[in-house]
Every structure is written in C-alpha cells, then in structure tokens.
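Per TrEMBL, these features apply:
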TRANSMEM  297-316  transmembrane segment
TRANSMEM  391-409  transmembrane segment
TRANSMEM  634-652  transmembrane segment
DOMAIN    637-800  domain 'SSD'
TRANSMEM  672-694  transmembrane segment
TRANSMEM  706-726  transmembrane segment
TRANSMEM  746-767  transmembrane segment
TRANSMEM  849-873  transmembrane segment
TRANSMEM  1129-1148  transmembrane segment
TRANSMEM  1154-1177  transmembrane segment
TRANSMEM  1184-1205  transmembrane segment
TRANSMEM  1225-1245  transmembrane segment
TRANSMEM  1257-1280  transmembrane segment
Amino acid sequence: MRIWSWSRTMGLLLGFLASVFLFQVLVTLSVVSAERSDARFLATSSATAGKKHSEDYCTMYDICGKRKDGKVLNCPVGSPAMKPDELLSSKIQSLCPTITGNVCCTEYQFDTLRTQVQQAIPFLVGCPACLRNFLNLFCELTCSPNQSLFINVTSVSKVNNNLTVDGIDFFITDGFGEGLYDSCKDVKFGTMNSRALEFIGAGAQNFKEWFAFIGRQAGLNVPGSPYAIKFHSDVTESSGMKPMNVSTYSCGDISLGCSCGDCPSSPVCSNTAPPASHKRGACSVRIGSLKAKCVDVALAILYVILVSMFLGWGLFHRARERKPHPRTKHFLNATNVGQLHSVNRQKDENLPMQMLEDAPQIRNGVQLSVVQGYMSNFFRKYGTWVARNPTLVLCSSLAMVLLLCLGLIRFKVETRPEKLWVGPGSKAAEEKRFFDTHLAPFYRIEQIILATIPDVVDGKIPSIVTDDNIKLLFEIQKKVDGIRANYSGSMISLNDICMKPLDQDCATQSVLQYFKMDIKNYDDFGGVEHLKYCFEHYSSADTCMSAFKAPLDPSTALGGFPGNNYSEASAFMVTYPVNNAIDKEVNVTQRAVAWEKAFIQLVKDELLLMVQSKNLTLSFSSESSIEEELKRESTADAITILISYLVMFAYISLTLGDTPCLHSFYISSKVLLGLFGVMLVMFSVLGSVGFFSAIGVKSTLIIMEVIPFLVLAVGVDNMCILVHAVKRQPLELPLEGRISNALVEVGPSITLASLSEVLAFAVGSFIPMPACRVFSMFAALAVLLDFLLQVTAFVALIVFDFLRAEDKRVDCFPCKKVSSPHADSDKGISQRKPGLLVRYMKEIHAPILSLWGVKIVVISVFLGWALASIALCTRIEPGLEQKIVLPRESYLQGYFNNVSEYLRIGPPLYFVVKSYNYSSESRHTNQLCSISQCDSDSLLNEIARASLTPESTYIAKPAASWLDDFLVWMSPEAFGCCRKFTNGSYCPPDDQPPCCSSSEGICGLDGVCKDCTTCFRHSDLHNDRPSTVQFMEKLPWFLNALPSADCAKGGHGAYTSSVELNGYETGVIQASSFRTYHTPLNKQTDYVNSMRAAREFSSKVSDSLKIEIFPYSVFYMFFEQYLDIWRTALINLAIAIGAVFVVCLIITCSFWNSAIIFMVLAMIVVDLMGVMAILNIQLNAVSVVNLVMSVGIAVEFCVHMTHAFSVSSGDKEQRTKEALGTMGASVFSGITLTKLVGVIVLCFSRTEVFVVYYFQMYLALVLLGFLHGLVFLPVFLSMFGPPSRCVLMEQLEDHPSPSSQL
C-alpha cells in the first residue's frame, strides 16, 4: 500500500504559489525633485504660520529629499491647496472621487499615488467597497484640500540641507477605521488561500492593528513608510483640527457587488442557509449519570427478554420431564418418522454407522436425503475402487495438479496499491486518471523532520528555533544539495528533478527560504531575529521572500507550535517537492526514484549521526519509501511463517498416528502420511495460483500469507476425519471394506463442508475490491483442489500407509521391515483403546455439557456474548494505520509518529470542474467565481462558506481561484496587470523586463513600457465580464504572466496546472481546478470522513449549479474503499454464510440442520467482529478477507458436528455424546490444536500487521470456533437439535434404496 505520509504533508503546495509582495502605500507619494528653494519654503512657512489647521490648507506639499534607500520624503510645508489643471483634476477624480476642487498634491505626486496603489488593487478589487474605502484613506492623506485639519507634522529631519517630514499624526474617526476594516477583513487573496489583510495588514484583527502596521516607520531597504505615522481619533477643541471622516461603504452594499466569500455579511449571503453538518449525533439514552447508545440499551433489553423467555421455557420443560409419560411417546420423539419397531437394542458407541456386507435384514439405518443417499452409494463404490487402485488414483490426481502448476511460470505479484485496493471502475480511480491526464499528476514528496527532545527533568519540549539548529539545518541542506544519483550513466541532483514554480529555483519548503537558501545571508539578514521577524511578516517583507519568489507560510516549514506561536516550534519540517509523471516507467519517475534511494542512504549514513550528536531527532521519508519498505516487509517474516507451517506439520504427524507406544511407535506413527498430506495442501495452493497465473491474474501478498493457512486448516481437518474414520472400522474387514465404510461415514459431511466453503469464497469473486476479489477466486479454487486431492490422492496415501503398517514397515523408512512381536499397531476395533481426546470428549466434556445448569449458563452466556458483539461492532473504525503494515524497525515508524505530532496543515483539496463553458452566453462564469457580480451560491462562495465550519466539512480555507484572479487581472481597475503594447502584444508590469532592466536596476515611468495601456476599458466589458473572444485571447497571457509587486495576480506558477488549454478555443475548458486544503487529518477516520464530506459537498453543489464538479485529493484513491467497507464486508459475509445455508439445504434437505449451521456461523462471525472492536482492529481489506475466511473455517466446526448428530441414534443427549466422541475429537485435534500451535508462532512476527491481523484475529477465530462448535453447538443440539435420521428399518438385502444408508 502506498500509504499515507504524503497525505499529511500535502499542505506544502504553497511552494508553487505565485510570488506576492505586501503593499503598504507610501504616504510620501512623490518622485518629484525638490525644485523649490529653501527661501521659498521658509517664506511660505512664515507667512502661513497663523493658518496651520484650516480648510483648503496643506500640511505637507511637494518633495524635499530622499532616504539612502531611495524613498522620497515630503516637505513639511504649510501652504494653501492648489487648483489643479483640467487633466490632473480628471485623473484625480478617476481614482479619488471624494476629492474635488483644490488639492494638496502635484501631478507627479498623483502619478506616484496611482503607481503605488496599483500594487494593492489586485488584493482588493474583488470587493469594490473595500477597495473604495482603502483608496479613500490614501487619497485623503495625499491630495485632500483639507489636509491640515487631520494631518499634523510632529517631527522633521534634515536631508541634504532640506527639512523633511520624519513623523506625523493622522487623525481619523473610529467610525471610518471600523468601516474600512469591516469592509476588508474577509476579502480573500485566492492565490495564497488566505485573507488579503495577511498581505496588506499583517493579519490585523481590528482597524487599530491595521493602522499601527501601516504607520510603522520602515528601516532602510524594508517595505513600508519612510516616516512614522501615528493614527489618532480624538483631538482637542483648541487645536482647531477635525478627524478625517469620509463616508465608508459597506461590503454589504449590493450596488458595490462584493461577493459572499469576501463579504459574508452581505444581505444576499445572509439569506443562504449555512452548510449542513456532516457529523450526525449518535442516538443516546441517559440513565442517571450514565449515557449509553440507543443500540446498546435496545440490545440489553432484548437480552433480558430472550433470557427470561429461555428460563421460562426451561422451567416448563423440566417440569414436563418430571411427569411420567408412555415409553413409546418418548421413543417416537427420539426417532425419525418411518417404519419403527419397539425393539430394544444394544448400541455400540464406537460404531455409529457400521456397514457390514453380511448384516441382518432388520438393522440400524440412516434415512438420508436423496442427494446424501446417492453420495453414500457413490462413496461406497468409489472407496472400494480407490483401495484396489491406489497407484492409479495417486498418479492421476497429482498429474492434474502438476499440470495446473505449470502456470507458475507466468507467476507475478501485484504490489501496486492502486491495483490492490481500487477497482477498475472505481470513482476515485477515474477521477485521479482525469486529474492526472487533463491537469497534472501530484508531485512527489521527500521530507525531513528535525525535532528537539523533551527535557528529562520537567518534560518540556525546547524550541527548535535556535542559532545552532539553524546552522545545522544549513549543513544538512548542503549535503542534500550535494547528492548525485546515478541513473543510466547520468548523475542526478535535486536541482534536476525538483519542482520549480517559476522555472528557476526549487520550491523547497524550509525556514532556510527566509535566507534565500544561502548561508551567507544568515548573518547579513540578522540570524534568528530575522527568522522570527519573517514568521510574522512572511508575506510582506521582501527579505523574507523565498528564493523561488513566493511567500513561505511558516506553518508549512515548522511543526509542533502552539496556536500561531511559530517561535515555540519544536520541529523543522523540510519538504522537497519533486516532479512526477503519469507513467511510472518514464524517465521522469525513474530519475526521481534513483535520487530518492540516494537521499535515504545519505540520511541513514550521515545525517542521522550529525543530528544525534546535537541531541536532536531526525525522521525522514521519500515518495518511494513505503513501497520499498513493503517489499522488504514481504520477506521479513518468511522465516516466521515457515516455522509456523513446520510446527503445524509436526503436530499433524502426531495427531494422525495412534497413541504413542514406545515399542511400536515407529510403525504406528504417521509422519510420512502427515508430510504427504501437508504437501497435498501445498499442491492445492500452488495449483490454484498456477491456474490463475496462466490466465493472467496476478497474485498478492495476502494470498501468499492467508490462503495456505486457510487450506491447511480445512485440509488437516479432513485428513484427521478420514484417518480416524478408517481407524474406527473393524480389522475383520478387508482394507478396501474399511476404506469404503469410512468414506461412506464421513464423505458426505466432508463434501458438504468443502462445497459450502467453495461456494462461499466463489461468490466473493464478484465484489469490486481487487484484493478481496482475487483472494476469493484463489481461495475457492484452492479449497476445491484440496477437497479433490483429499478424496483421491490422500485416500490413496491412506491405503499405502495402512498396507505399510500391516506389513510391519517402519514409518519414514517403508523399505525397512521389522519382525517385532509388538509391532502390530492396528488391533481389532474391539480391542483398541480410544484415544485421549475421544475419552475426554465422551467421559468429561459431554457429561459436563449435559448438566441442566451448565446448559442454562452456556446458552445465556453465548447469547449475551453475541448481542454484546453486535453492540461492539458499531465501534469498529474503518481504515488501516500505515504504521501497522511496516516492519517494526522501519525508519518510517518514527516518521509517521512525528508527522502526527508536528504537522499543522492538512492535505490539499482540489475541486475539479469539467466542461466549463466560458462563453458570453453561458452563466458558468458567475456560477463558479466569487468576486463582484458572481452568484451568491457559486462554487467558490460555497467553498468559502463551508470553510467556516471546518469541524464538519473538513475544509480549512477558501479556495485559490484562477478564475477570480484572471477576472481581476483583466479588470481595468488592475491597471498594472493586463496591459498591451501599441501593437497589441502583451506588456508585462512595470517592474518586470523589458519594462524594468534588472541588471541596470532601472524601473521607471519613462521606459519602453511607457506607452502600454490596459487591455480593456470598462466599456469593452459587459457587466465587468469579458466576451468569449476576450476570454480566449487573454487566458494564455494570464497563465504565462509572472507575479510581481506591481501585479501580484500573475497566474504563472500558481495556476500553471490549474487549467487545461487543450481545445479551449471552442469556448469550453475541459478541466480546471480550484485548490483549498483539508483540516489536519490525524486519524484514519479523519481521512475517511473528510473524503465523504467533500463528496457530499461537491455533489450538492453540482446538482445546484448543473455543472459537473468532483473533489480530488491524492489520498482519495486509497481511502475510497473505506467509504463502503462496511457494505462490502456485510455483503461478502451475508453471501458467504447464505451460500453455506443453501448448500446445506440442498444436500441435507433439512431446513432445521441448515438453520442451526447458519446461526452458529453468524454468531462466530459477529463475535469475531466484537473481538476486533475490543482489540481496536480496524475494518479494511485485510480484516474483511479474514472475516470471509472465518466463515470457511467455522464451517468445519459446525457441519461435521451437526451431521454426526443427525445420523446418530438415541435421544438427544446420547446423540450429542456420540457426535462429540467421534467428530468432536477429530475437529478439536484437526483444526483447533493444529491452528493454535501454528498461530502462536505468528506472535513473534517483526511486522505489526501479522501480529494484529493474523495472530490476534486467527487466535480469536480458533478459540471462537472451538467454543461455538464444541461447547455452544452441542448444548444447543441437545436442547433444540433436529430429529435423528437413524431408524430401525426392514429392508430386503437385494433391493437397496438410494435414500437409505445401510
């Protein structure tokens, strides 16, 4: 199984998101050189000293200098507001409609304002109300004619002999601040799946925090204001000042069209019902302080009722038994309907069915069904023929199996998880195939987790963020960068295979990105303090931007931190996203695998020692780690399994022989027979595998680990029954007579049990899960072949073995003959002493179970056990913990533990839209987007709404939307984004080449891009939406546009693989995706429930919008099986048990017998599931296979006992005792003890999956089968068993009836 390390680290997708710089609009807003002289400045200042704070008066005007980093500084000039010319007035009105008449800014100041705000527009344009309020704040600050009423210069500094502004007070009413913040607080920045305020407000939680961030004086070369701004809301009356209080717009204003995702308080959105909760509360009942589930209470009441009824019936029945009644009536109740004679007879308990050819005409007989009658006649003739032709039978049967084994030359093992657990028609498999082929396969994950060790004194976990640890991380990174893996003669490095969002640098997720992955920057940037600064300003500070030009969310590179306190993190999480390919055989994947092997080897050989010397821990994983470890696991326990088989073989050899006797054990033992019997079992397994290999069906590890146990259990039981049946025959009969009688005695029950098992497994081959389907196919054929070999080859081997013993030849060395007088091992039946098990069953076990009090206790306990198990079944969780399937010493064990402990982000979730019609005639665009003019119930709005209840939807964030960003990028308001040259070709933003020469550092308004214009005017669009042609022409521009400070909405990197352009010219985009994240998923049930919630959500939205939408996450394909695992398990079990019932009914023609077998099988399976709940064993393909297999083994415990009871004579107590003495002993020795000794060996396995799913479940199955088959079933039969088929019949010797066994 390719499980699930990547499924917890998917959140690291931020590595290929677009680069975005935080924008703070500089309040200086000018690039004009200080043209005015000091004399004019001083004169003006002196002349206006008395009008410092009044209407139509400026506090700051023009530019008087620049800082060393080039940021311009305002002049502290008090001057009247100036009347702008007509062109400047129209420009100001287009951006600042609240400012009319005179202004306090020059044309250059306004152009600079326009250039600067273009960086913020892409963040806010999705909500016009927020954008309008945000622009008004800086328009008033820069150009308001009443600037002096709310701006006060508090400090000045001298630059080049000119006085410049060094600090101001900005008086704003709280009403404006609250209105501004409320309109912007929920606005999303889709590219980063986060709020826009994370980038333009440092994540402010209220307007005061936002203003404090805006007003912070920035250091040299740090984004922000060149002087301090203090925001105030209160002024004294004597100052003559009035706080700025321009009207704010509410995001709920329908005329401004903010989307529901950006403004949940909008009236349109408030009418939308909140998302339904997926967590359904379980029905419970409170009894005092005790709270119990409804099902538990109902089952408890049912148990009390059933036990009361049973006790009442028992008392009534006992009272009736004490009353005298005619002997004949009792006799009639003990026998079957037929011709009966009240003749007293002496019953030989050792001969339940004697078939003597010279028997009298009035004798014991068994009235069988038609099918059983024909089977008895067949086995009588067949047994005689086999005994006379053992060599022919043995050779022909082995030849048939060896022919099937030839198919092993095409033997292959299927190890690909997607082929084991996902059916070809799987919805998740089809969705993954669609995603991979139309968009892009999910990248490969290589990961290192460096963590601190808890303090031994107080148990506190120290922070990983220290100077020494960061330098150690640089050393580790240097070694990883130095890896060179050999692939086909070429040396592969990380740089050759890593994912590069902008085609330059690897998108490595590491805190070292805050130093541009260069140790030279460590001290220059400020070391640990810079790192802590970047934790808070990762989206705003240019020095915190990653080497691959994107902000790095600290939650993707740190682990074990409380809340958002990144400085207290206890682990560094370094992730290397590597390019992936659809076909695993292509060079892209093979190159990556070669590097991954070298990476794992480096960590084991060098990095672990480095880290341990620093008293830290290191866990690691690669994309191919799980598959490699599973391959190693498949051979890790080969010796354990082999020892288990050898132990079972040794026990079989002992149990087939007679009671050990020192002077004759070398003849009476049956080691050679046991060895050949085990070989026949192996031949049946190999024949099954060979047949299916020949027709192209691959085997699985489950088949190789489970089916031999299953077939050995069934085969050994049949071997014991056959050998013991032959031994029970009198030696006075010739060997062919003994073989014939033995087959007549046990052949029908063996056939019944085997056919039931074959049919039970065969019907399982119709289920969709490949692992279960293939297991059922292989198991059905293996059991069938085992049965055929048992009644052919093994019977022939019994003939040879008895001939050997009669000829006094040594076991294991049949060529050696002895002449000891004590060597006669097979004494007459009248002289043979019963075995220990037979005597125990007849003399101890059966008498104890016949006690009335014991019966009451047994029925009550087993009934309570069954009902309690039903209640416990509801507590079984679906899933398969990844740690269980790996060897205990695997390095991935520590990795999975650390992932669960430290990871704070969930796997990515994509909502994939099929056949998106972007034409003007279609409503699809507004049904999908979440910006202005989009439908309130659009897909992206619904996702944003669902993210408000992550506890039930498992959606952590609103989705990153290429469609929203594309529409914003095209918008005329985002005038720095979609631009064109005069010839109509694409013009990039001003801070990108060729507009800006990075080599020369020239980025200005007079470069080659000075004539670029926006792609569209408002009049070119219809309701702010592009036409079909406009959409088609500009979409490739957007997907190739690099994000930068002037336009953060460029789609290259962030959305390169989010849209399929093949065939989009038709007006339909075949596939596109919108990315969000699941909440952190720590348990298997979290993965299952998150997948279920996502599917329910997308199904609801698809039905509402009439657009085909499906959710996709990389772990879905492997967890889809758990959505219906209960249904799969119950259907399989119902079919298997039902098949047994049908076979029993057809062969025995007894509904009573069949119903009893059905009931006991159901109880064993239910009780086994109850044990699973107690032991916390999860429900998955492995446990479902084990449950289906348990039906096959449980049949052996039930069928033989029930058949023996049915054909025994006497009352029910006598028949129970006889059945226990004959079949009970064989079943106990053949299955219970054999499996017990074999299973116990598995507890020493090095792999947890063997201990949990094989040792624990098999041990529980064996014990449950023994208790139900040899304790509960005999008690139940003695009380409610069917009438005996044994009757006294008069029959002519020359006219045997096919319906009678004589």
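Placed from the backbone N, Cα and C atoms, the Cβ positions cover glycine too.
TrEMBL does not curate its annotations; it predicts them automatically.
In this model, the domain 'SSD' (637-800) carries an average pLDDT of 82. Touching of the transmembrane segment (849-873) and the transmembrane segment (706-726) is ruled out by the presence of fewer than three CB pairs under 8 A, sequence neighbours closer than 6 excluded.
Counting Cβ pairs under 8 Å to the transmembrane segment (1225-1245), the stretch among 672-694, 706-726, 746-767, 1154-1177 with the most such contacts is 706-726. When each of 297-316, 672-694, 706-726, 746-767, 1129-1148 is scored by its Cβ pairs under 8 Å to the transmembrane segment (1154-1177), the top-ranked stretch turns out to be 1129-1148.
Here the listed stretches are 297-316, 672-694, 1184-1205, and the one with the most C-beta pairs under 8 angstroms to the transmembrane segment (706-726) is 672-694. Proximity of distant same-chain residues to the transmembrane segment (1184-1205), defined by a Cβ-Cβ separation under 8 Å and at least 6 residues beyond the stretch ends, is recorded for 352, 702, 706, 710, 713-714, 717, 721, 746, 748-750, 752-753, 756-757, 760-761, 764, 769, 771-772, 775-776, 779, 783, 1125, 1128-1129, 1132-1133, 1136-1137, 1140, 1144, 1148, 1153, 1156-1157, 1160-1161, 1164-1165, 1168-1169, 1215-1216, 1218-1220, 1222-1224, 1226-1227, 1230-1231, 1235, 1253-1254, 1257-1258, 1261-1262, 1264-1266, 1268-1270, 1273-1274, 1277, 1281-1282.
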